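K.L.:
Dumping what TrEMBL says about this protein:
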BINDING   B:9, B:13, B:75  Mn(2+) 1 binding site
BINDING   B:15, B:75, B:97, B:149  Mn(2+) 2 binding site
DOMAIN    B:181-307  domain 'DHHA2'
């Protein structure tokens, strides 16, 4: 069998990067020539986790079909979030925890999606199903992914399975999950050194809501005002993106990781409808989102429903 | 939690009916109020299996959203093969072994698709993962599904996992898989009492190939000539269906279950292109398909590729 590339979504986050590494490791143990790669830049939080457990970032690829005909996806399934040439290769496996949309294959495949908080929680099951031991450094990456996706178990996406997996894996990794987790989240939430244009693409995903093409971006912050002071710059750059990408909505979510609330800057034709989707109104292009931290479980379903 | 309906595809076959019963049973053991239902008539093969293991056919439903807001799908995922009002309910789980297409949800769900020959083979894993024992009569249904979908292990869709699961389950059921399996297949292949119009819908699935809406129907026969003598009637009824459903292709496959070959009657605008998809030509509206028995693994991929 030729080399199989394993990768997560564009604008990679910690779950996407570590799950690519972890799943490629599992496959290698099963005799498959798998290599983890990435579709975008490593963020500060992910770099903190890679450094802590002694991993290099996976290799950056632009296109996958020039290298292989066979791929495995982790942490995403929607084609617009994947490699640009994803339709030109055969998808052998998908391990994910998101809604399913804009995905299609000609042949049957292994497609494992579960409604849990993190891909790593599913990968933990796969190791058990195949009777493969998890080394300490791989377990550390998996804990990092769970902490990141669940905001240290505080996100509504977090399930009992995620908490149990994180505790079990933290033991294997030899770390205190709360202490390590908070340090990792803070490393990711330190945006002071970032240019505003980088914040816009740090964790941005494209969706289709009704007739609108939309981008929902999210950044974590210890204090949302650290980001809100940059609002006019976000607006200028967001408007440019709307014109370039023909977007109906640009939705930039700033999440307070200590208080578990968010504020969004909403731009584009559908911005007022987006506020209405959360039973509120747009003020100064802002949508206040009390208690909302999860793009997947709270923001995308509300926009899917509201912009139909 | 309110009642959850569990069902397979329209024009149900043995795997779809039995997997609905089996998955509902598994869920009941896990404390879920699940009921197996069906979206169409029971065929002769499936009735043979239900009778053998002492089950009633699941209740026929026309719509699901009038009864429940929550459903689980087995043996299919493409919406056009599901309940007409599938978009009006929440899909909690999908257990399937087909390609993924025309499927979309607003929220994450449990979606377990594996490239094996039969849904029952995946269900067998789920029982193990949940530490639930399989009773003899449930095991008998699962063997029936595997025999049906793999044509007694002769279909190219059959994997080692299917063979192993069938052998293991046959022991639990206390049956000889080859003897029972052949009797069941023959019961299904006895089409003499069927009207031709019933043959057309017995196991028909709708697909989209390129710009063409298509129906691919399949019947099993001990002798394909028993069905080919009805060709002119199939043509008349098929043409009527093409007009009514605006089809680009009606592809009626007759599979010889003893010799593992097929002949298809191809009708519609794309019929010649369909023959070309199998590197052959249309003669007397027939496409000869030596060695081809699997709609999923052989016919649908060839048509998907050929009619792009």
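Quick reminder: no glycine exception, Cβ is built from N, Cα and C everywhere.
TrEMBL: automatically predicted annotations, no manual curation.
On a predicted model such as this, the values are computed, not experimentally measured, just so you know.
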K.L.:
Quick check on the domain 'DHHA2' (B:181-307): DSSP residue counts for helix, strand, coil, in that order please.
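P.N.:
In the domain 'DHHA2' (B:181-307), the DSSP-based counts are 54 helix, 36 strand, 37 coil.
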K.L.:
Cβ distance under 8 Å to residue B:15 (Mn(2+) 2 binding site), same chain, sequence separation 6 or more: which residues?
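P.N.:
The answer is B:8, B:75, B:118, B:119, B:120, B:145, B:146, B:148, B:149.
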K.L.:
What is the interatomic distance between the Cα atoms of residue B:13 (Mn(2+) 1 binding site) and residue B:97 (Mn(2+) 2 binding site), given in whole Å?
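P.N.:
Spelling it out, the Cα of residue B:13 (Mn(2+) 1 binding site) and the Cα of residue B:97 (Mn(2+) 2 binding site) are 14 Å apart.
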K.L.:
Can you list the residues of the same chain, besides B:9, B:13, B:75, whose Cβ falls within 8 Å of the Mn(2+) 1 site's Cβ centroid?
P.N.:
B:8, B:11, B:12, B:15, B:16, B:17, B:19, B:74, B:76, B:81, B:119
K.L.:
With an 8 Å cut-off on Cβ distance to the B:15, B:75, B:97, B:149 Cβ center, who else from the chain surrounds the Mn(2+) 2 site?
P.N.:
B:8, B:13, B:16, B:19, B:74, B:96, B:98, B:117, B:118, B:119, B:120, B:145
K.L.:
Near chain A, which of the binding-site residues B:9, B:97, B:149 can you find when the cut-off is a Cβ distance under 8 Å?
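P.N.:
From B:9, B:97, B:149, flagged as close to A: B:97.
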K.L.:
What residue among the binding-site residues B:13, B:75, B:149 has the most other CB atoms lying within 10 A of its CB?
P.N.:
B:75
K.L.:
Neighbour count, 10 Å Cβ-Cβ cut-off, for residue B:9 (Mn(2+) 1 binding site): what number do you get?
P.N.:
27
K.L.:
How many Å lie between the Cα of residue B:9 (Mn(2+) 1 binding site) and the Cα of residue B:97 (Mn(2+) 2 binding site)?
P.N.:
12
